[in-house]
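> I'd like to ask some things about the structure below.
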Amino acid sequence: MAEAVPDISDTPVPLKDPEPEPQSEPKPHPEPEPTVDPTQNDPPVSEDNGGEGGGEEEGGEGGGEEGSNSSVYRYIKEDLFTSEIYKVEIQNLPRFIGFNDLKKFLNKHGLNPHKIKIVGRQTFAFVTFKNQEERDRAMKLVHGMQWKGKVLSVRLAKPKADPIVRKRKQDEGTQGGGQPVPKRPAEEQDAEDETPLSEQIARAVTPLWKIPYEEQLRRKEQEVETVLQNLAREIGNNNKAMLPWLFVQKEKNKNMCCPLEPIRPSPQQTEYRNKCEFVIGMGADGEDKTVGFRLGKYKGGSCAVVSPADTVHTPKSAIRVVQAFQRYIRTTPYAVYSPETYEGHWRQLTVRTSRTNQIMAMVFFNPQKLSEEELGSLKKSLGQYFTEGDGRESRITSLHFVRMGQRTSAGTEDLPCELVAGDEWIHEELLGLKFRISPHSFFQTNTPAAEVLYSAVGEWAQLDQESTVLDVCCGTGTIGISLAKRVKKVIGIELCQEAVEDAKVNAKANNLTNVEFHCGKAEDIFPTVLNAVVSPNVTAIVDPPRAGLHSKVILAIRRAEHLKRLVYVACNAKAAKNNFVDLCRAPSNRVRGSPFRPVRAMAVDLFPQTMHCETILLFERVDYSANANTDANSANDTNSAIADSANANTDANSGSDTNSAIANTEANTADSANTAICTEPQNTQN
């Protein structure tokens, strides 16, 4: 197959092209602590937080150094997958290029990076690929390509050092080349050593646990306020026709792009998590085969595990399962899996609980070279322990065994589950409805707060009996099913096949016949589904993963002029900012259809004791002809002179001037990450 020819015709041309920088003998850069793709988590070793460590050893021409540093690169010599051995450094990037800009640029030219690491406002970035063929193709394609007046160069980059090995070297007092490592002040080390482990783990997984709840809410609301203030500026930069309207909104709403309603608290602030993921490793107290939370991240050089018994967000029922499981694995001959050496077996325990008093446990185990007979014996023993033995007291109703070898993707959702004991799924009750939950299906981790969230979504959607609801990234169908009796039709879209099957069962269990669900990537399915909807009253509700919606979904939404209202539920409003901007940017050759604008926002606290919260934004389609007078009258209340100017500008310039103004910014639009699984951070337990 012939290689794709670079297409840079859409790249904006500066008024005056700067002179390309000399390309002779580019110098390698050490790779400092990077800004990592939030949708990827691929460490150099096979563990959740591995491989994002420092950079003093980085920056060579591929391959690890020999001699005293060879052990920190040992992982790349194992016969196991890591994208670190397919890493390149792209140099001479245009100034002010961010992660999403580079990702969009590479995707545009048919390249699919596995990880992108770009630091601050540097003009270089590190990119990894899944195999040598993709890496070599990227090097051939990008090297010498011109982007915004800069001629890019590409070179091989050295893998990152294993952070655990590097940390051990530091603890031993040496770094690369046998040089001594500066030690932390003794008083800092003593203070940390004297802090009880229960307090250390509380700080790691629930950093706000000592702060009064009202103050937690104030901080979260302030964070959302800052996001909306920044969003006002970004919308203005990308749609000049909205500037008069934005001026009025900022005057009324403390420089925000729309009103921010008071944050809605979680009805339950402790023991609220219905899903917890526990790692299995060496305890911080020296006890082997400890089940709990990590004190730190792998990239920080820490694998120490502490019991969750004293954490405030973990239900007592989940803690009972952890304690029973820990007793069991300590009786087995199988060791804990080591992310450093890839040896061992026990990896992770996931526990899901529900209001119906059902409990699901998923045991993640690396089979290594065990035979099927040995694995069968282990599963039988595990099942008997929790159904007939001492583990009965934990009251597990659904027990699954998951074989987890060396992973090749960021998540575990594609790993098959083997039912060991009990039912295949559990059930949860929400807003008077019943929902089936399979092992890999997404369900909000705080059920009482999810009821608050979904009730608000229903209020804001302004639905009636003629409405059609498009529920994008619907999970087990919770939002759409909770609204189905109020509308004509609900159409759900979800990536996870298990979740779609659950959603269909849930619709039937709740006696709903006006609901349908489709499985696949939202960017592949949504445009077709949207085009097929003929209802005059269409509302989209999107609850995407942390990285936001794919650009194809945004473009389809923009093109569908009959879609007038969109409710966006963001678990990370900062990460979703690019989606917000793209919904509001001016029409152009690429972005067709009238823009939306934010008219209402609110935070809902689904994660007490942490800095995380959900944010709801209501977007409505702009109708320039209908809104010109409204904008002018609204502006007149603030400043009549400005209103007259704004009204004239809106009428005269919303067409060609807007398109020309946006032409120079469109190529800088951040392309949202592919819609995929919704993973949760290990330590913050969001």
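Residue numbering: from 1, along the chain as shown.
Glycine too: its Cβ is placed from the backbone N, Cα and C atoms.
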> Looking at S-adenosyl-L-methionine binding as recorded in TrEMBL, which candidate out of Asp390, Asp543, Asp582 goes with Gln444, Glu494?
Asp543
> Going by a 10 angstroms cut-off between Cβ atoms, which of the binding-site residues Glu494, Asp543 has the sparsest surroundings?
Asp543
> For Glu494 (S-adenosyl-L-methionine binding site) and Cys571 (active site), determine the Cα separation and express it in whole Å.
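Pair distance, Cα basis, whole Å: 17 Å.
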> What whole-number value in Å do you get for the largest C-alpha pair distance within Gln444, Glu494, Asp543, the residues recorded as binding S-adenosyl-L-methionine?
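Greatest Cα separation within the listed binding residues comes to 15 Å.
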> Please work out the helix, strand and coil residue numbers for the domain 'RRM' (86-159) from the DSSP assignment.
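Counting residues by DSSP class gives 22 helix, 21 strand, 31 coil.
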> Average the per-residue pLDDT over the domain 'RRM' (86-159) and send me the rounded value.
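Overall, the domain 'RRM' (86-159) comes to a mean pLDDT of 88.
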